[in-house]
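According to TrEMBL:
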BINDING   LYS160  ATP binding site
COMPBIAS  16-30  compositional bias 'Basic and acidic residues'
COMPBIAS  33-45  compositional bias 'Polar residues'
COMPBIAS  53-65  compositional bias 'Low complexity'
COMPBIAS  73-86  compositional bias 'Basic and acidic residues'
COMPBIAS  411-434  compositional bias 'Basic and acidic residues'
DOMAIN    126-388  domain 'Protein kinase'
DOMAIN    389-446  domain 'AGC-kinase C-terminal'
REGION    1-91  region 'Disordered'
REGION    408-434  region 'Disordered'
Amino acid sequence: MAAAAIKNHLIPNALRSDEAKEEQREKREQQQNNSHLRPNNTQQYPYADEQRYSQQPRGSSPQQQNHGKTSRKRDLEGDREEEKARIANMADQWYSKGPMEVEEVMMDPKDKAVGHSSSSLRCEDFELLKTLGTGTFARVWLARLSRPHKEDEDKVFALKILRKVDVIRLKQVEHVRNERSVLAAVAGHPFITTMIASFQDRDSLYMLLDYCPGGEVFSYLRRARRFNEPTSQFYAAEIVLILEFLHEKEGVAYRDLKPENILIDADGHLKLVDFGFAKRIYNRETYTLCGTPEYLAPEVIRNTGHGCAVDWWAFGILVYEFLVGQPPFWDQNPMKIYEQIVEGKVRYPSAMSPSARDLISKLCTVDTSKRLGNISGGAGAVKAHPWFKDIDWDSLYHRRDQGPIVPHLRGPADTRNFDEYDAEPEGRDPYTEELRGKWDDAFKDF
(Lines of atoms letter the chains of each structure in order from A and count residues from 1; the text may use other names and numbers.)
(Lines give C-alpha, C1' and ligand atoms only; values in the text may rest on other atoms or scores of the structure.)
Protein backbone atom coordinates (compact mmCIF):
# COMPACT_ATOMS: atom_id res chain seq x y z
CA MET A 1 0.00 0.00 0.00
CA ALA A 2 1.38 3.40 -0.94
CA ALA A 3 2.41 5.79 1.82
CA ALA A 4 -0.28 8.30 0.83
CA ALA A 5 -2.98 5.65 1.00
CA ILE A 6 -1.81 4.48 4.41
CA LYS A 7 -1.72 8.06 5.64
CA ASN A 8 -5.30 8.65 4.47
CA HIS A 9 -6.41 5.67 6.55
CA LEU A 10 -4.46 6.65 9.64
CA ILE A 11 -4.83 10.39 9.98
CA PRO A 12 -8.62 10.49 10.64
CA ASN A 13 -8.17 7.96 13.42
CA ALA A 14 -4.91 9.04 15.03
CA LEU A 15 -3.41 6.40 17.30
CA ARG A 16 -2.07 8.90 19.79
CA SER A 17 -4.28 11.91 19.34
CA ASP A 18 -3.58 13.74 22.57
CA GLU A 19 -0.45 15.73 23.33
CA ALA A 20 0.71 13.55 26.19
CA LYS A 21 0.78 10.42 24.05
CA GLU A 22 2.59 12.29 21.32
CA GLU A 23 5.22 13.31 23.86
CA GLN A 24 5.52 9.70 24.94
CA ARG A 25 6.04 8.64 21.34
CA GLU A 26 8.75 11.26 20.81
CA LYS A 27 10.49 10.19 24.00
CA ARG A 28 10.22 6.59 22.82
CA GLU A 29 11.89 7.45 19.51
CA GLN A 30 14.67 9.38 21.24
CA GLN A 31 15.44 6.44 23.51
CA GLN A 32 15.39 4.15 20.50
CA ASN A 33 18.20 6.19 18.95
CA ASN A 34 20.28 5.82 22.10
CA SER A 35 19.70 2.16 22.87
CA HIS A 36 18.67 0.58 19.56
CA LEU A 37 15.73 -0.83 21.45
CA ARG A 38 12.19 0.40 21.69
CA PRO A 39 11.93 2.63 24.75
CA ASN A 40 9.61 2.02 27.64
CA ASN A 41 6.20 3.37 26.65
CA THR A 42 4.32 2.67 29.84
CA GLN A 43 0.75 3.72 29.27
CA GLN A 44 -0.54 3.70 32.79
CA TYR A 45 -2.61 5.65 34.69
CA PRO A 46 -4.26 10.09 36.80
CA TYR A 47 -5.60 10.50 40.26
CA ALA A 48 -8.20 12.89 41.58
CA ASP A 49 -9.08 13.62 45.19
CA GLU A 50 -12.33 12.04 46.21
CA GLN A 51 -15.26 14.36 46.85
CA ARG A 52 -17.78 12.68 49.12
CA TYR A 53 -21.45 13.35 49.02
CA SER A 54 -24.48 11.91 50.76
CA GLN A 55 -28.07 11.40 49.74
CA GLN A 56 -30.81 12.63 52.06
CA PRO A 57 -33.85 10.43 52.62
CA ARG A 58 -36.97 11.93 51.09
CA GLY A 59 -40.34 12.68 52.73
CA SER A 60 -39.24 12.70 56.37
CA SER A 61 -39.18 15.18 59.22
CA PRO A 62 -35.90 16.82 60.31
CA GLN A 63 -35.77 14.45 63.27
CA GLN A 64 -36.37 11.46 61.03
CA GLN A 65 -33.80 12.78 58.57
CA ASN A 66 -31.17 13.02 61.29
CA HIS A 67 -31.99 9.55 62.51
CA GLY A 68 -31.94 8.30 58.93
CA LYS A 69 -28.54 9.87 58.32
CA THR A 70 -27.09 8.28 61.45
CA SER A 71 -28.56 4.89 60.62
CA ARG A 72 -27.49 5.11 56.99
CA LYS A 73 -23.98 6.21 57.96
CA ARG A 74 -23.71 3.29 60.39
CA ASP A 75 -24.89 0.84 57.73
CA LEU A 76 -22.46 2.22 55.13
CA GLU A 77 -19.56 2.09 57.56
CA GLY A 78 -20.45 -1.49 58.38
CA ASP A 79 -20.57 -2.40 54.69
CA ARG A 80 -17.21 -0.72 54.11
CA GLU A 81 -15.56 -2.56 56.99
CA GLU A 82 -16.94 -5.86 55.71
CA GLU A 83 -15.66 -5.09 52.23
CA LYS A 84 -12.22 -4.12 53.54
CA ALA A 85 -12.08 -7.32 55.57
CA ARG A 86 -13.03 -9.33 52.49
CA ILE A 87 -10.25 -7.71 50.49
CA ALA A 88 -7.71 -8.32 53.26
CA ASN A 89 -8.71 -11.98 53.51
CA MET A 90 -8.45 -12.35 49.77
CA ALA A 91 -4.73 -11.65 49.87
CA ASP A 92 -4.38 -14.77 52.03
CA GLN A 93 -7.05 -17.04 50.63
CA TRP A 94 -7.59 -16.17 46.99
CA TYR A 95 -4.00 -16.14 45.80
CA SER A 96 -2.86 -19.03 47.97
CA LYS A 97 -5.62 -21.13 46.45
CA GLY A 98 -3.74 -21.33 43.17
CA PRO A 99 -5.00 -20.90 39.62
CA MET A 100 -8.68 -21.39 38.97
CA GLU A 101 -9.78 -23.83 36.32
CA VAL A 102 -11.04 -22.23 33.11
CA GLU A 103 -14.61 -23.11 34.02
CA GLU A 104 -14.24 -21.28 37.33
CA VAL A 105 -12.77 -18.20 35.68
CA MET A 106 -15.76 -18.12 33.34
CA MET A 107 -18.26 -17.96 36.20
CA ASP A 108 -20.47 -14.91 36.36
CA PRO A 109 -18.49 -12.15 38.14
CA LYS A 110 -21.21 -11.81 40.78
CA ASP A 111 -20.63 -15.45 41.73
CA LYS A 112 -16.87 -15.02 42.12
CA ALA A 113 -15.00 -13.48 45.03
CA VAL A 114 -13.39 -10.96 42.70
CA GLY A 115 -14.29 -8.71 39.80
CA HIS A 116 -17.46 -7.14 41.15
CA SER A 117 -18.62 -3.56 41.48
CA SER A 118 -18.62 -2.30 45.07
CA SER A 119 -20.87 0.50 46.26
CA SER A 120 -19.31 0.57 49.73
CA LEU A 121 -15.63 1.14 48.94
CA ARG A 122 -14.12 4.62 48.82
CA CYS A 123 -10.73 5.98 47.90
CA GLU A 124 -10.17 6.97 51.52
CA ASP A 125 -10.29 3.27 52.44
CA PHE A 126 -6.81 3.00 50.93
CA GLU A 127 -3.45 4.55 51.69
CA LEU A 128 -1.76 5.56 48.44
CA LEU A 129 1.91 4.67 48.76
CA LYS A 130 3.61 5.28 45.41
CA THR A 131 2.77 5.89 41.77
CA LEU A 132 3.42 2.79 39.66
CA GLY A 133 2.48 4.34 36.31
CA THR A 134 0.78 7.32 34.73
CA GLY A 135 -1.05 8.16 31.53
CA THR A 136 -3.26 10.81 30.04
CA PHE A 137 -6.37 10.08 32.10
CA ALA A 138 -5.34 7.61 34.77
CA ARG A 139 -2.75 6.89 37.42
CA VAL A 140 -1.90 3.57 39.06
CA TRP A 141 -0.92 3.60 42.71
CA LEU A 142 0.58 1.04 45.01
CA ALA A 143 -2.01 1.00 47.79
CA ARG A 144 -2.87 -0.75 51.01
CA LEU A 145 -5.92 -0.67 53.21
CA SER A 146 -6.06 2.37 55.45
CA ARG A 147 -5.75 1.60 59.15
CA PRO A 148 -5.12 -2.11 58.51
CA HIS A 149 -4.95 -4.74 61.19
CA LYS A 150 -1.38 -5.69 62.03
CA GLU A 151 -1.61 -8.95 60.10
CA ASP A 152 -2.76 -7.04 57.01
CA GLU A 153 -0.04 -4.37 56.91
CA ASP A 154 1.98 -6.13 54.20
CA LYS A 155 -0.99 -6.70 51.89
CA VAL A 156 -0.76 -4.32 48.97
CA PHE A 157 -2.69 -3.75 45.75
CA ALA A 158 -2.53 -1.71 42.57
CA LEU A 159 -5.26 0.94 42.55
CA LYS A 160 -6.00 2.37 39.12
CA ILE A 161 -7.69 5.76 39.32
CA LEU A 162 -9.31 7.31 36.26
CA ARG A 163 -10.63 10.87 36.26
CA LYS A 164 -14.07 10.97 34.68
CA VAL A 165 -13.58 14.39 33.10
CA ASP A 166 -10.42 13.23 31.33
CA VAL A 167 -12.00 9.96 30.23
CA ILE A 168 -14.81 11.98 28.63
CA ARG A 169 -12.54 14.63 27.14
CA LEU A 170 -10.35 12.03 25.46
CA LYS A 171 -13.37 10.05 24.25
CA GLN A 172 -12.35 6.95 26.18
CA VAL A 173 -15.68 6.17 27.84
CA GLU A 174 -16.33 3.07 25.73
CA HIS A 175 -12.76 1.82 26.19
CA VAL A 176 -12.96 2.25 29.97
CA ARG A 177 -16.32 0.48 30.15
CA ASN A 178 -14.95 -2.34 28.00
CA GLU A 179 -11.88 -2.63 30.21
CA ARG A 180 -13.90 -2.97 33.38
CA SER A 181 -16.32 -5.45 31.80
CA VAL A 182 -13.57 -7.66 30.40
CA LEU A 183 -11.51 -7.61 33.60
CA ALA A 184 -14.58 -8.63 35.60
CA ALA A 185 -15.18 -11.55 33.26
CA VAL A 186 -11.60 -12.86 33.27
CA ALA A 187 -10.80 -12.27 36.96
CA GLY A 188 -9.00 -15.30 38.35
CA HIS A 189 -7.05 -16.33 35.25
CA PRO A 190 -3.48 -17.20 36.32
CA PHE A 191 -1.81 -14.94 33.75
CA ILE A 192 -4.18 -11.97 33.63
CA THR A 193 -4.23 -9.20 36.20
CA THR A 194 -7.04 -9.79 38.68
CA MET A 195 -9.52 -6.98 39.20
CA ILE A 196 -10.56 -7.48 42.80
CA ALA A 197 -13.23 -4.79 42.77
CA SER A 198 -14.27 -1.60 41.03
CA PHE A 199 -15.96 1.46 42.50
CA GLN A 200 -16.44 5.16 41.86
CA ASP A 201 -17.05 8.50 43.50
CA ARG A 202 -18.23 11.84 42.13
CA ASP A 203 -15.06 12.57 40.14
CA SER A 204 -13.22 9.32 39.53
CA LEU A 205 -13.43 5.64 38.64
CA TYR A 206 -11.38 3.05 40.51
CA MET A 207 -10.16 -0.45 39.74
CA LEU A 208 -8.48 -2.40 42.53
CA LEU A 209 -6.02 -4.86 41.01
CA ASP A 210 -3.48 -7.38 42.22
CA TYR A 211 0.05 -6.00 42.50
CA CYS A 212 2.86 -7.52 40.41
CA PRO A 213 6.13 -6.42 42.04
CA GLY A 214 8.39 -7.63 39.24
CA GLY A 215 7.58 -4.74 36.92
CA GLU A 216 7.41 -4.81 33.13
CA VAL A 217 8.83 -7.56 30.96
CA PHE A 218 10.17 -4.79 28.75
CA SER A 219 12.50 -3.59 31.52
CA TYR A 220 14.10 -7.03 31.78
CA LEU A 221 14.32 -7.33 28.02
CA ARG A 222 16.00 -3.94 27.75
CA ARG A 223 18.61 -4.88 30.36
CA ALA A 224 19.27 -8.33 28.91
CA ARG A 225 19.23 -7.08 25.29
CA ARG A 226 17.40 -10.29 24.35
CA PHE A 227 16.02 -13.41 26.00
CA ASN A 228 17.47 -16.85 25.41
CA GLU A 229 15.26 -19.39 23.68
CA PRO A 230 14.04 -21.29 26.80
CA THR A 231 13.02 -18.04 28.51
CA SER A 232 11.30 -16.84 25.33
CA GLN A 233 9.47 -20.14 24.96
CA PHE A 234 8.27 -20.14 28.56
CA TYR A 235 6.86 -16.63 28.46
CA ALA A 236 5.52 -16.97 24.93
CA ALA A 237 3.66 -20.11 26.03
CA GLU A 238 1.98 -18.23 28.88
CA ILE A 239 0.87 -15.59 26.36
CA VAL A 240 -0.59 -18.36 24.18
CA LEU A 241 -2.70 -19.53 27.13
CA ILE A 242 -3.91 -15.98 27.66
CA LEU A 243 -4.89 -15.48 24.01
CA GLU A 244 -6.52 -18.91 23.86
CA PHE A 245 -8.74 -17.99 26.80
CA LEU A 246 -9.55 -14.47 25.62
CA HIS A 247 -10.37 -15.49 22.06
CA GLU A 248 -12.02 -18.87 22.42
CA LYS A 249 -13.73 -18.57 25.80
CA GLU A 250 -14.56 -14.86 26.00
CA GLY A 251 -14.55 -13.68 22.36
CA VAL A 252 -12.19 -10.85 23.33
CA ALA A 253 -9.56 -9.25 21.13
CA TYR A 254 -6.86 -7.72 23.35
CA ARG A 255 -5.41 -5.41 20.65
CA ASP A 256 -2.39 -4.00 22.51
CA LEU A 257 0.03 -6.86 23.06
CA LYS A 258 3.58 -5.60 23.76
CA PRO A 259 6.27 -6.08 26.43
CA GLU A 260 5.21 -2.91 28.26
CA ASN A 261 1.78 -4.42 29.00
CA ILE A 262 3.16 -7.62 30.49
CA LEU A 263 4.23 -7.67 34.13
CA ILE A 264 6.17 -10.27 36.11
CA ASP A 265 4.76 -11.42 39.42
CA ALA A 266 6.66 -12.48 42.53
CA ASP A 267 7.00 -16.07 41.25
CA GLY A 268 8.34 -15.11 37.83
CA HIS A 269 5.11 -15.68 35.93
CA LEU A 270 3.45 -13.22 33.57
CA LYS A 271 0.41 -11.04 34.13
CA LEU A 272 -1.21 -9.26 31.21
CA VAL A 273 -2.40 -5.77 32.18
CA ASP A 274 -3.99 -2.68 30.60
CA PHE A 275 -7.17 -3.87 28.91
CA GLY A 276 -8.07 -0.40 27.66
CA PHE A 277 -8.24 -1.54 24.03
CA ALA A 278 -9.75 -4.97 24.72
CA LYS A 279 -13.10 -5.56 23.08
CA ARG A 280 -15.60 -8.38 22.83
CA ILE A 281 -16.00 -9.04 19.12
CA TYR A 282 -16.40 -12.84 18.90
CA ASN A 283 -16.46 -13.61 15.17
CA ARG A 284 -17.29 -10.08 14.09
CA GLU A 285 -14.95 -7.44 12.75
CA THR A 286 -14.24 -4.02 14.19
CA TYR A 287 -12.69 -0.94 12.63
CA THR A 288 -11.31 1.07 15.55
CA LEU A 289 -7.71 1.98 14.88
CA CYS A 290 -5.84 1.30 18.12
CA GLY A 291 -2.65 -0.26 19.35
CA THR A 292 1.08 0.44 19.22
CA PRO A 293 2.66 1.17 15.80
CA GLU A 294 5.32 -1.58 15.78
CA TYR A 295 2.73 -4.19 16.74
CA LEU A 296 -0.15 -3.21 14.45
CA ALA A 297 -1.41 -5.90 12.09
CA PRO A 298 -1.67 -5.08 8.36
CA GLU A 299 -5.47 -5.23 8.39
CA VAL A 300 -5.59 -2.56 11.10
CA ILE A 301 -3.43 -0.23 9.02
CA ARG A 302 -5.49 -0.88 5.90
CA ASN A 303 -8.67 -0.26 7.89
CA THR A 304 -10.38 -3.20 6.22
CA GLY A 305 -11.82 -4.56 9.46
CA HIS A 306 -10.06 -6.75 11.99
CA GLY A 307 -10.75 -9.44 14.55
CA CYS A 308 -8.88 -11.56 17.06
CA ALA A 309 -6.29 -12.41 14.40
CA VAL A 310 -4.55 -9.10 15.18
CA ASP A 311 -3.39 -10.58 18.49
CA TRP A 312 -1.67 -13.49 16.76
CA TRP A 313 0.18 -11.09 14.48
CA ALA A 314 1.27 -9.09 17.54
CA PHE A 315 2.25 -12.32 19.26
CA GLY A 316 4.62 -13.09 16.38
CA ILE A 317 6.15 -9.63 16.75
CA LEU A 318 6.48 -10.23 20.50
CA VAL A 319 8.29 -13.56 20.05
CA TYR A 320 10.64 -11.89 17.57
CA GLU A 321 11.38 -9.11 20.06
CA PHE A 322 11.99 -11.62 22.85
CA LEU A 323 14.60 -13.40 20.74
CA VAL A 324 16.18 -10.44 18.93
CA GLY A 325 15.73 -7.55 21.35
CA GLN A 326 13.78 -5.29 19.03
CA PRO A 327 10.71 -5.66 16.79
CA PRO A 328 11.13 -6.59 13.12
CA PHE A 329 9.53 -3.38 11.84
CA TRP A 330 11.06 -0.10 12.94
CA ASP A 331 11.79 3.35 11.55
CA GLN A 332 12.06 6.90 12.87
CA ASN A 333 9.01 7.73 10.78
CA PRO A 334 5.89 5.81 11.86
CA MET A 335 4.59 5.91 8.29
CA LYS A 336 7.63 3.90 7.23
CA ILE A 337 6.81 1.35 9.93
CA TYR A 338 3.30 0.98 8.51
CA GLU A 339 4.66 0.48 5.00
CA GLN A 340 6.99 -2.26 6.26
CA ILE A 341 4.15 -3.98 8.10
CA VAL A 342 1.82 -3.94 5.10
CA GLU A 343 4.62 -5.36 2.96
CA GLY A 344 5.07 -8.07 5.58
CA LYS A 345 8.70 -9.00 4.94
CA VAL A 346 10.42 -10.06 8.15
CA ARG A 347 14.21 -10.30 8.23
CA TYR A 348 15.53 -13.03 10.50
CA PRO A 349 18.96 -13.12 12.17
CA SER A 350 21.03 -16.11 11.12
CA ALA A 351 21.33 -17.20 14.76
CA MET A 352 17.57 -17.67 15.13
CA SER A 353 16.52 -21.32 15.28
CA PRO A 354 14.61 -22.72 12.28
CA SER A 355 11.58 -23.60 14.44
CA ALA A 356 11.40 -20.07 15.88
CA ARG A 357 11.68 -18.60 12.40
CA ASP A 358 8.93 -20.90 11.15
CA LEU A 359 6.61 -19.96 14.03
CA ILE A 360 7.09 -16.22 13.52
CA SER A 361 6.65 -16.47 9.76
CA LYS A 362 3.33 -18.29 10.20
CA LEU A 363 2.12 -15.77 12.78
CA CYS A 364 3.25 -12.70 10.84
CA THR A 365 1.36 -13.64 7.70
CA VAL A 366 -0.39 -10.73 6.00
CA ASP A 367 -3.24 -12.95 4.79
CA THR A 368 -5.39 -13.55 7.88
CA SER A 369 -6.92 -16.68 6.34
CA LYS A 370 -3.45 -18.26 6.50
CA ARG A 371 -2.27 -16.80 9.81
CA LEU A 372 -1.43 -19.32 12.51
CA GLY A 373 -3.86 -18.98 15.40
CA ASN A 374 -6.59 -17.75 13.08
CA ILE A 375 -6.71 -20.87 10.92
CA SER A 376 -8.34 -24.20 11.73
CA GLY A 377 -7.27 -25.36 15.16
CA GLY A 378 -7.01 -21.86 16.61
CA ALA A 379 -4.70 -21.61 19.58
CA GLY A 380 -4.35 -25.39 19.57
CA ALA A 381 -2.46 -25.15 16.30
CA VAL A 382 -0.07 -22.65 17.89
CA LYS A 383 0.45 -24.92 20.91
CA ALA A 384 1.19 -27.84 18.59
CA HIS A 385 3.97 -25.98 16.78
CA PRO A 386 7.41 -27.64 17.13
CA TRP A 387 8.86 -24.56 18.85
CA PHE A 388 6.68 -25.40 21.86
CA LYS A 389 7.45 -29.14 21.88
CA ASP A 390 8.99 -29.02 25.37
CA ILE A 391 6.09 -27.15 26.98
CA ASP A 392 3.84 -29.06 29.39
CA TRP A 393 0.72 -26.95 28.91
CA ASP A 394 -1.22 -28.30 31.88
CA SER A 395 1.71 -27.83 34.23
CA LEU A 396 2.25 -24.34 32.88
CA TYR A 397 -1.36 -23.32 33.39
CA HIS A 398 -1.25 -24.50 37.00
CA ARG A 399 2.03 -22.66 37.60
CA ARG A 400 3.78 -25.75 38.89
CA ASP A 401 7.18 -24.50 37.75
CA GLN A 402 8.86 -21.28 38.76
CA GLY A 403 9.28 -18.68 36.04
CA PRO A 404 12.73 -18.13 34.48
CA ILE A 405 12.99 -14.56 35.81
CA VAL A 406 12.17 -14.31 39.50
CA PRO A 407 12.43 -10.75 40.86
CA HIS A 408 14.54 -10.13 43.94
CA LEU A 409 12.16 -8.51 46.40
CA ARG A 410 12.62 -7.00 49.84
CA GLY A 411 8.97 -7.58 50.60
CA PRO A 412 5.48 -7.61 49.07
CA ALA A 413 5.44 -3.79 48.76
CA ASP A 414 8.81 -3.54 47.00
CA THR A 415 8.61 -1.05 44.10
CA ARG A 416 12.23 -1.06 42.92
CA ASN A 417 11.20 -2.55 39.59
CA PHE A 418 9.03 0.46 38.72
CA ASP A 419 10.12 3.89 37.50
CA GLU A 420 9.78 7.11 39.46
CA TYR A 421 6.95 9.45 38.40
CA ASP A 422 6.25 13.12 38.98
CA ALA A 423 3.41 14.18 41.22
CA GLU A 424 0.09 14.77 39.51
CA PRO A 425 -0.20 18.36 38.26
CA GLU A 426 -2.69 20.60 39.99
CA GLY A 427 -5.51 22.54 38.36
CA ARG A 428 -7.35 19.67 36.72
CA ASP A 429 -10.64 20.41 34.97
CA PRO A 430 -13.66 19.78 37.24
CA TYR A 431 -16.34 17.17 36.64
CA THR A 432 -19.19 19.67 36.46
CA GLU A 433 -22.89 19.20 37.14
CA GLU A 434 -23.48 19.53 33.41
CA LEU A 435 -21.09 16.66 32.71
CA ARG A 436 -22.66 14.61 35.49
CA GLY A 437 -26.09 15.01 33.99
CA LYS A 438 -24.86 13.91 30.60
CA TRP A 439 -22.43 11.13 31.50
CA ASP A 440 -23.25 9.60 34.88
CA ASP A 441 -25.47 6.95 33.29
CA ALA A 442 -22.46 5.76 31.27
CA PHE A 443 -20.61 5.03 34.51
CA LYS A 444 -23.52 3.68 36.56
CA ASP A 445 -22.39 0.04 36.43
CA PHE A 446 -18.77 0.76 37.26
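First residue shown is number 1, and so on along the chain.
Placement of Cβ uses the backbone N, Cα and C atoms for every residue, glycine included.
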Validating a neighbour-count step here. Other CB atoms within 10 A of the CB of LYS160 (ATP binding site): how many?
29
How does the domain 'AGC-kinase C-terminal' (389-446) divide up by DSSP, counting helix, then strand, then coil residues?
16 helix, 0 strand, 42 coil
Would you kindly list the residues that approach the region 'Disordered' (408-434) from elsewhere in its chain, counting only those six or more residues past its ends and only Cβ-Cβ distances under 8 Å?
40, 42, 46-48, 129-134, 139, 142, 144, 154-156, 163-166, 169, 202-203, 211, 213-216, 219, 264, 266
I'm checking region-level scores; what's the whole-number mean pLDDT for the domain 'AGC-kinase C-terminal' (389-446)?
93
